[in-house]
Each structure stands twice: as C-alpha cells, then as structure tokens.
C-alpha cells in the first residue's frame, strides 16, 4: 500500500484495520502502511498548525500526557509539549535530567509511578538504549520514544520522511545520502529503517570509525568518501556531530571533520540540482554544514523539519490514544 | 464522627459545617472529622481518575495554582501539577530550588510576590521546618504544605490513610509499624499524627539515634528491635533512608542498616498474613526493602499510594478553594 | 494625546488607529499615546485579576506563547506565564539558561526553530543587549522583550508607570528619583525613556562610576548625592544592586553603598510626605532599602508593582496578537 492509497480524510487505513501497536518505540518493526499512515495523518495537523492564530483541536481534552526527559533536549521537549497542548491534553513535563530521579530510584519505579498517576501517554527520552522499552513494558498507556541512547528516535525519522515526501514526492524515487556519525546516531538508525521501508535508495558517508557493521546487508551503500556518496543524491541528510566525539578517539578534530565530511557549496554541486538539504538540529555551523547551505532558501528543509516535527507528534499522540478514547473502530 | 457517618455524595460534612481551616499546613491541629472528610472526598477523585481516558472536572477553571518548590521533588510536584490540571486550574510551577530565589530574596518577599500575582492556591515544599507557615501568614489564599523540613508532609499522611482504609478497612482496627529514620522524617511525623487521630495502634522501629523523644507520651510504642515491632502488624510502613544519613553519624552503613532495619521475606512473616506494605517512595531497593516485597502483588501498596496521592491532592485543592469559589455553604 | 483621552472600554485608541508595532522591544521608539494605550488597557486586566476566584478571559485560546528565557528570572517568567494562561493561551516555557541551547546553537537558529513551531508570540529574556531584536527580525510573530542585557526591559517600565499613575495621578506632575546602578540597569533605561516620554521630571542618583554619559542631554538631572536627589521627590525608585557588582570595581562594599545610596527612614523624610517607594525586586533588604520602608503600608508600592506586572503583560499579549487574531480594526 502506498501513501496515495490512504484516504487522507479517514482516521482509518483502508480496510478498517486500526494501528496495531500500543506504543511507538522505534521504526524497526513498523509495516510500510503504518509508517505511511502516520505520515498521512500528520498532513492534517500541518494544515491546522498553519491555519492562523487559533490552532486547537481538543480531541485529547481530559487526557494527561507526561513528558519524561531523562536527557535534556530543548527542541524535542518543546515540540512534544506544543503538540500535546494543541490537542487539548494536560501536558506535564518531568525534568528527570535535573531532578530527584538521581536520588537512585530505578527506571522501573519511575515507570510504575507515572503509571499510577494514570497518565494517558508517556513520552520518554533517555540516554540508554532500550530504556524506553523497559518503561513501556511496565505501564498501561501508550509510550512514545523521544530518543533512547544510540537505539531509535522514531518521530525524527517520521518527520524527515514527511518532509521529503512533501518536498520531493514519492520516497521510493529518492536517493538519500546520510552523512555523519552513523555509528552513534539514533537519528541515522531510525531514518535508515524508515527510508528503507519506504523504498528509498540509501547511502551513508562517514569516517570508517563511525560506520556500524552490517549496513550493506540491509541494502545500504556505504562510503567513506563523501564526494562519491553525494553524487546524484536527491536528499542530503547531515547528522549533528556530538561535542563529546569532536576531539575524542573517533575523529582527529572538528576542522578536519569539516574538511572531509562537512557540507559546503562545492560539494553540494555534486548532488542533483534540486537536492534537498536536511539536518535534525541543532546545527554546528561551519562543522557539519556551512551557513549558506543551512539557510539556503530553496534547498534547505531544516525549518520545515521543525514544523513537521510538531505535526508528526500530534499525529502520534492522536493515533496512539484512540483506543483508550474509544474512537469508533479503534476501541 | 467516623468516616462512615459522612455522606460520600455530599460536599459538606454532616451538619453543614464547612472545613474550617484556610490552609493545610499539617495534620497536627486537624480534628478527626476533618481528616475523615478529606479522605472521603478523595474517593470521588479516585473514581474520576479511573474513569477512562478523559478525567477532567473543571471546577477550578480560571484559578491560578502556584507550585513553589524550594526543594526538588519530582514525584510530589508531578502529583500536585496533575491534580491541579485535572481540576481545570492554571498551574504554574516555580522551580525555586534552581532559580533566582537564590539571589537572596527573603522567603517572605517571595510569598508577597506570589500573593500579588493573585494566586488562588499556593503549594509549597521547603527544606526548613516552619517555612510554609511563614508564607501562609503573608498571603490571602490557601497554602498547602508539600513538605517542610522535618516538620510535616500532610498530604502524604492523608494519602497513606486513604490507602490503608481502602485496603484494610477502618483505621482504628489497625496495628501500624513505621520503621526507619523517625527523627528526621516529616512523613513519619505526619503519619503518626494522622494515624493516632484516626485511632490506629502505632509502633515505631529505628536505631536509638533516630528516635525522637516524647513518642511514648503520645501513645506510640517505641522499638529498637524491628522484629519485635513487626510482630502481628497489619501495616508496615517503611521510610526512605536519606542518602546524607547513610554514612554519617546516625547509622554505621547502609548494609548494616539493611540487616537490622530492612524489610525482607523473613521478617515480613512475623507480621499478619494479610499485612500491607507501604513506602512513600522513592525506594532504595535492597536498603529499606527488598525488591520482592516492594513489588509484591498482593501485599505491596506502593503503587496505590502514588495513585491515592493525586486523588488526595485534588480533594485538598477542591476543599480549600471552595470559600473563594463561593461554593454554597462555604463562602 | 493624554491617557484621559483614551476610551477605557474601547480596544482602539481614539481615531481607530491600531497599535502600529509588531513587537515590543523597548520603550524607546514608542509614542506617548502608545505607552498610554498599553497602560490604559492594563487597567482592564487589573480589574479581571481582582475579580475573585475565576479570572479567565479566553481571547488567546488556541494560541501558542513561548517564553524563551536565556537568563533565569523566576518572577518575570511567572508573571508572563500567568498572564498568558489567564488569557487562555497554551504557554510553553523554554528554560534556555539550563538547557541544550548551550550545545552551541546560534541564537538565530533558536529563533527560526521557535518560529517553525508556529508560535503566536515569543517572550524573550537574554543576557545580551540586542539579542531580542535579533530574534524579532527572524520570526513572523510578535516578540516581547522581557529584559535584554543592559538595554531595555519595557514591561517593567510600563508596570512602573501604571503603578505611579494609579497611586499618584498624572505622570507629568511627578518628580521621580531613580537611585542605584543606572549604568548597567535596563530597568533604569526603560524607566527613563518611559517617564520622560510621559512628561515626568527625572532625577538619577548613583556613584559617579555607575552613571552613564549623556543623561543630562535627555533632560535628566544627575546627582551623586542621594540626599540632594531625594529632596521633594514624589516617587523614589530604588534599583537592585547586582551581586556581581557588590565587591567589584564599581562600589567599595555593600555596607558603604547602603550608607551612601540606601533608602532609610532618615533619608525618606527629605522626600514629599506622600512619597511613593518603588523597587523592581527582588530586594536586597538592608542594602538598597531598609525593611521598614520596603514594607511600609502606605508608602511602599512594591507589592502593587508585582500585581501591575501581570496586568501589563496581559495587555501586551492581547494587543500584539490582535492582528493575527483578526480583531476588527487591527487585521
């Protein structure tokens, strides 16, 4: 089933089957139509968010959403908070990174506590891979992974797919080059799962020390030469270089990294003329990408990615709470 | 008047007398019927919170509740924030522990500021005993003590009483053993006041260095031998051992503490067969209590305590704002 | 146009002209009638805030307000948050001072991000002068300056003007003495612009090291002798002495500062009998001002300043979003 087969005005996929997952823990494990369905639903929220001053839809009114962020992330937290509030939910942030969770409480105890407060959805960001799954196993409500360790960041991949689809058309016609720290990036992992699933042709470019094993077996083309990887690309997706890797064992220096793997005016000419430039943010200007490209009026999709983020998160919160809200066909 | 004499469907105690306190600063000073009334009212909110996805009651709509936490507490803050939002209030958190209150502003200036912003209820947690009273004296709206120093933590005692009542029946038929750092614990203090008031038989167990003077005169049985204290108990309430006491002057080591005062499978057998195990959280697993008991399906009430917390806080916010809301019979 | 010429019940200034500024970045640049109009509109919100328990007006329902505070400020953040919530908006706080903005994201990237999330108003506090202007240039929605470096803090000046007008009558009949660190104070700057504009007679008093050049040319009287400056004053406005200046290059010690520039019972006698004492808070009691004067029942306006703060911020949020809300005459 392609995206086009979905009725954009229907809350149900064709055939009437409800979204069959209680949580959104990762892209891995999602079927093609499930990804397409979330993306399709997000279009509705893009429209609402652009509809002028008042942009409220109160379908989650009376529900309690807890954003439990064990790792700081201003942007992602803001995006989920705004998404929940625009849907009319009571949104409560738990700033676990700075708080008494450090008193030594186990993760499972935190999960059980949030559950006992009768949350209707829990959004979790955590520094350890698998932590979100652990919590999901202990609670009665939907859990959304907002990034866990080096594992997955599914809403980022969904918002990237939505951005590509809106700007470039069918995803299975795109050559997407992902460049940066592939090894440690949950954004790269989720995007690879998502784009492969949707039929895109994927290339990754990185220093050999930052490429995980086994990508070729999945059908991903692997490059250490960014110039080769970018040739003829429809989309170039740059990853953020984490500060802690900058002068560590993985790369010699930010300057050398920028020289070999930074996106600049010269390099982008190797891609297709109408190439789309993406970055999950926040940007290290002059390291992964030069300012002129990050701000490029027609080629850069970075602003749109942020906008799509709110819409995708609204779609996820809506879809995953339908069962509890007893929406017809989903209860 | 016992709990049974209260009409659970009425917002008024029998006879029509309104709750006579402007604030909830502690359990000490509350009459038996007042405690019973809050607990009884909380039952209504337990039902709402369990009523499915939407759990809103907008009786506090248009009111401003300020949670001023001068001491970090993720759980208690979440609980009050959710309680206020489910009642429809505008809830604003003041994270004083991390903020410019450290600029040197006096506590009274903070109180006067919150009051000038026309708060309708202020919830305060503070590291100093009596700080909440000081603020209550300076403001025009209800103040709820969310824990002050080693003084009181009244909503904790109320939620514990509600939990005991629901799980074990009339409180005056229970033998309750409280074990841990009685001396420094506001949870212990508030629980002792509350349970004595409700007619329970109370035993405390702790190292001699952690028992305050004068408990016997109140009618509390004091033990340094936890095994003796637990014999025949209906409820065992474990206190959290604060990190700062763990290797200090009060106990030799967490390991020795666990050996003498930790709750484990062997020790719990000394209590009644249907004993209820309680802990205010967060738990130091393997110190105060073994994991198997903390997670015990039938005996542990720890999850339920968290749930009752939200309900009790909704009851307190509702009751204390009735006068300002001009609820019939309360204005 | 004086304040009296405005119809307090009309959302429009006489003649039907809408407020012509998309943002509120400073007092400098505002016309007399524009200042008067905001102050006049705030009176409406004072009334609402004093109207009893429920004080809601949902004209901003469905709008998203982001408070982006790059500098901690408990009071100002609380004030804006309460203002936005009482108007029915979805208010989201971005605690940039403690967050991943420190990852190295540029200010403009943050602005672009907030804009892409379709904020309807952004309130910004930043440690650098001009930072708020920089953000305003990059976004599509109204930006309110909640204090930037040593530049401006316009809502503080507006709330001070409102307080003076309510307590003392027409501003152009007042002699206002401002005492403290004039050089580094955005509060002083905004107040000087505002009070000059409204026709007050202004005196400043400070050590010579803390007086900026050029004040005399604006028509401000400059004193290093506080006693001389206070003689016959209708209003004495004390500034907060920042901790970082206390033992630095600017003043010898807090004790000497208090002796020369602190407001006390002796000194206040030099002012008019019905003098009004003001301070933006938080107060360093015993440094800038003695407690007896800060708490003076009739002379101190410090509490009222806090109250007027919420009202003025409601007025600003209302006025600046009228265009987007397509209020008749403003779209």
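Numbers here mean position along the shown chain, with the first residue as 1.
The backbone N, Cα and C atoms fix where each Cβ goes, glycine too.
Annotated domain 'Aspartate/ornithine carbamoyltransferase carbamoyl-P binding' per TrEMBL: B:23-165, in sequence order.
TrEMBL lists B:75, B:76, B:125, B:153, B:156, B:281, B:282 with the feature carbamoyl phosphate binding site. According to DSSP, residue B:281 (carbamoyl phosphate binding site) sits in a coil region rather than a helix or strand.
The L-aspartate binding site feature in TrEMBL is assigned to B:103, B:186, B:240. DSSP gives residue B:186 (L-aspartate binding site) a helix state.
Per TrEMBL, domain 'Aspartate/ornithine carbamoyltransferase Asp/Orn-binding' is recorded for B:176-318.
Distance noted between the C-alpha atoms of residue B:125 (carbamoyl phosphate binding site) and residue B:186 (L-aspartate binding site) is 12 Å. Sequence-distant neighbours of residue B:153 (carbamoyl phosphate binding site): residues of the same chain at least 6 apart with a C-beta under 8 Å from its C-beta are B:145, B:146, B:147, B:186, B:187, B:189, B:190. Listed in chain order, the residues near the carbamoyl phosphate site other than B:75, B:76, B:125, B:153, B:156, B:281, B:282 are B:73, B:79, B:146, B:147, B:187, B:280, B:309, each with its Cβ within 8 Å of the site Cβ centroid. Here the binding-site residues are B:75, B:156, B:282, and the ones sitting under 8 angstroms from chain A, going by CB atoms, are B:75, B:282. With a cut-off of 8 Å between CB atoms and residues at least 6 apart in sequence, the same chain places B:75, B:240 near residue B:282 (carbamoyl phosphate binding site), listed in sequence order. Helix, strand and coil residue tallies for the domain 'Aspartate/ornithine carbamoyltransferase Asp/Orn-binding' (B:176-318), in that order: 61 helix, 23 strand, 59 coil [DSSP].
Remark: residue B:76 (carbamoyl phosphate binding site) has B:69, B:125, B:146, B:147, B:309 as non-local neighbours, by Cβ distance under 8 Å and separation of at least 6 in sequence.
Counting residues of the domain 'Aspartate/ornithine carbamoyltransferase carbamoyl-P binding' (B:23-165) by DSSP class, helix then strand then coil, yields 69 helix, 25 strand, 49 coil.
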